[in-house]
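Copied over from Swiss-Prot:
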- Asp134: active site, proton acceptor (ACT_SITE)
- Leu24, Val25, Asp26, Gly27, Lys28, Phe29, Gly30, Lys31, Met32, Lys47: ATP binding site (BINDING)
- 18-266: domain 'Protein kinase' (DOMAIN)
Amino acid sequence: MDDRFVKEINQFFAEIKIQNNVRLVDGKFGKMCVIKHEPTGKLFVKKSVAIKYVTEIEPLVHQLMKDNRYFIKLYYSLTTLKSQILILDYVAGGDLFDFLKKHKKVSEAETRSIVGQLTEALNALHSYKIIHNDLKLENVLYVRHKQIYLCDYGLCKIVNTSSCRDGTKEYMSPEKLKRQNYDVHVDWWALGILTYELLIGHHPYKHSNDNEEDFDLDVLQQRQQKKLHKYNFLSSDAQKFLEAMLMYNINYRLCTYETVIKHSFLS
């Protein structure tokens, strides 16, 4: 860490103030708060990750995707004896989880826009042989009628490395449950789950009366093998898209950028 950077970061931290009126939900491994840079009035997110959970991949993804509009901009990254601190762009508007909770379900037109943008974001990340590995409603920030931001890169993984059942179990693909090597299909399956949640208003495999003890990975795997329920209020294109994204047999599933983006629901 050179002297100029130390001086700059010390000055920045001397000029910020925590905004207690803006609440953020902490992630699995990091605590987050909104801070205001007093001289400019700009809001940032300060993310602190305990040193035992720190990985090199999160700052790397920020660096690789720094010019991509669908990813969060990183301003500063520094590591102390106890934690890694990231200073990130603050995006007003909240995440898709809160948005869906408020609106119950989302129109096909708005879902198409959201999913189309996520498809482009994932393809950009995959071009570096990196998967997000934890795509879910909570990890997509949404400025309504404008754009999405894919966030939280702490569980990103390199394609074709050995996998484990990390991430959020409700979004795990059949292949991930079988502990096959990490591949892009992990993210495309999760996108199918997310699309279903937006259009239908609930998860395709987790029932409202499930508790965490009953809904284990074996139950999830059994339910994934059953055909999806058909909904008459969906268009034929939307129904076919969900079925193709969540086909249990990967040989018949949409699990590449080219097949996803060309589907009639998105085109």
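Positions of Cβ are set from backbone N, Cα and C atoms, glycine also.
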Among the binding-site residues listed as Leu24, Gly30, Met32, the Cα nearest the Cα of Asp134 (active site, proton acceptor) belongs to Gly30
Let me know the model's mean pLDDT on the domain 'Protein kinase' (18-266). 93
Number of other Cβ atoms within 10 Å of the Cβ of Asp134 (active site, proton acceptor) across all protein chains: 22
